[in-house]
Amino acid sequence: MASKPGFLTEWPWTWLGDFKYVVIAPWVIHSTYTYVTKDRSERDIGQFIIFPFLLSRILHNQLWISYSRYRTAKGTNRIVDKNIEFEQVDRERNWDDQIIFNGILFYIGYTYIKEAHNLPWWRTDGVIWTILLHAAVIHPFGEHIAYFALFAIPLLTTLLTKTASLLSFAGYITYIDFMNNMGHCNFEHIPKRLFSVFPPLKYLVYTPSYHSLHHTQFRTNYSLFMPFYDYVYGTMDKSSDTLYESSLVRKEEVPDLVHLTHLTTPESIYHLRVGFASLASEPHKSRWYLWLMWPVTVWSMMLTWIYGRTFVVERNVFKSLKLQTWAVPKYSIQYYMHWQKEWINNLIEDAILEADEKGVKVLSLGLLNQEELLNRNGDVFLRKHPQLKVKLVDGSSLAVAIVLNSIPKGTTQVVFRGNPNKVAYSIALALCQGGMQVFTLNEDDYKKIKAKLNTEAASNLILSKNSPSKIWLVGDGLTETDQQKASKGTMFIPFSQFPPKKTCKDCLYNTTPAMLAPKHIENLDSCENWLPRRVMSAWRVAGIVHAAEEWNVHECGNVMFNIEKIWKASLEHGFRPLTASAESNLNN
């Protein structure tokens, strides 16, 4: 029988969800109003800066989270290879609750402790007392109460002795945040020469590898921040020094497969695994509070326009294969700008050459990195570098296979609408050759597709102004007007990289070509763009299957791999089709 969480396990404002910061809103409003309306000589900046200081703590913690995720994805100096799954992300999405809790205590303390009023910016004696009284010691609410009580000893003492200052308070709490984040970052970065120059430092400052043993061995390395007491009481783990030295020299991980993607919308930077973990763990959708971050968003956009370099986003493990996802720091809109194309192709080419130099076996091109108008589905790079050892895969064959197997059995007619591309031509050819009637609503689409078909197959391609079928195969270029022509209950099956804009409430929309990942794919804790949890795009899955099967062939340009072969191989490796009902369950 499952037990109920104990008293003080959950934070009191958990039920507020994304609106939890309203609990400190009354204090923020009151302190701001008081500071603005009072005469300059009567203002007390101590209460006013509590909220900006809380925001700085959130930024400080988020920077550590993003940087540690980036470093552990690369593998350089990584300490523990433990995987992170969605369940852990869900448990840790309340990491900022302790900052809200501290803020409430700061505001209450200011209200009832007279010594907290009109603090000077600096007092040397207070800083010294804070250091001397410091007690070396993502948890439940009750545990944070105990933590705060311990860490508040230096703060309260300096208040009562009237030696406190604003900078001693801010510096002390920032130090605690810094040391706490450093101890949990999972990559070793403390230079060995520091301990050589000043040997006693090993008793005063812990390292990330030192504290990691507390979480893996549990009964050793108890001290938080300062290992001195572990040495005194004999609780130091004997492998501490060995783990420290081995982590320092650990090299960057060389993956077997790289999936090359790119940013989509301005907000997508926050949905990456190295962005906000809670957002990355959910399908990409707009959030109201991200509008408040528009200065950061605009700054990041300008940075990618001026300078950018492909970076590691995620690492996964599939059986014995090491997988990585790299991102080109360009947004979707930039891929359609003519003056950006050469720049983007150079970034993609640099990523391919880097992967080739490292010994990567397969590199799959995701989203617009394989756009026909950009680089002819990757063929430009093969022609420029014919001696490439890394195999380029655009995943078209699996995308075609998924679309074909998404069409309900017994269907004799389908409507085809969308900008024709490599995937679209192959789908139309397979259906027409199989005897299925393919209706197109657009004359340009009809002419382009018919030009790719032989005489026998072309007889099943029909130009029509009406939509006789409730099965629509759609791609980029599908308009709202097109969708209004669909009858009630129509199923839209995309063959494009990006999902169509849903305008018909009485119709069913499948996801873009994708498959449900098997359970043995490890360290999968973020969603791929708009796809549900543990669902991967066809183009990403194709790269994995190519690497697992060791096919050692390119699939890009005009080359289309055997559709039936890659479909069977993906099923044999545990990938499963994503049906409309399955997608609905994953999103709920």
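The backbone N, Cα and C atoms fix where each Cβ goes, and this holds for glycine too.
With a threshold of 8 Å between CB atoms, the same-chain residues lying at least 6 positions outside the transmembrane segment (19-36) that come near it are 11, 13, 43-45, 47-48, 50-51, 54, 97, 100, 103-104, 107. The annotation transmembrane segment is assigned in TrEMBL to 19-36 (among others).
Positions annotated as domain 'Fatty acid hydroxylase' by TrEMBL: 140-235.
The transmembrane segment annotation in TrEMBL covers 145-173 (among others).
Under the heading transmembrane segment, TrEMBL lists 288-308 (among others).
Annotated domain 'Very-long-chain aldehyde decarbonylase CER1-like C-terminal' per TrEMBL: 414-577, in sequence order.
Long-range contacts of the transmembrane segment (145-173) within its own chain (CB-CB distance under 8 A, at least 6 residues past either end) are made by residues 8, 45-46, 49, 53, 57, 98, 101-102, 105, 113, 115-116, 119-123, 125-127, 129-135, 137, 139. Remote same-chain residues near the transmembrane segment (288-308) are listed as 18, 263, 266-267, 269-270, 328-331, 334, 347 (criterion: CB distance under 8 Å, separation of at least six residues from the stretch ends). On the 0 to 100 pLDDT scale, the model's mean across the domain 'Very-long-chain aldehyde decarbonylase CER1-like C-terminal' (414-577) is 93.
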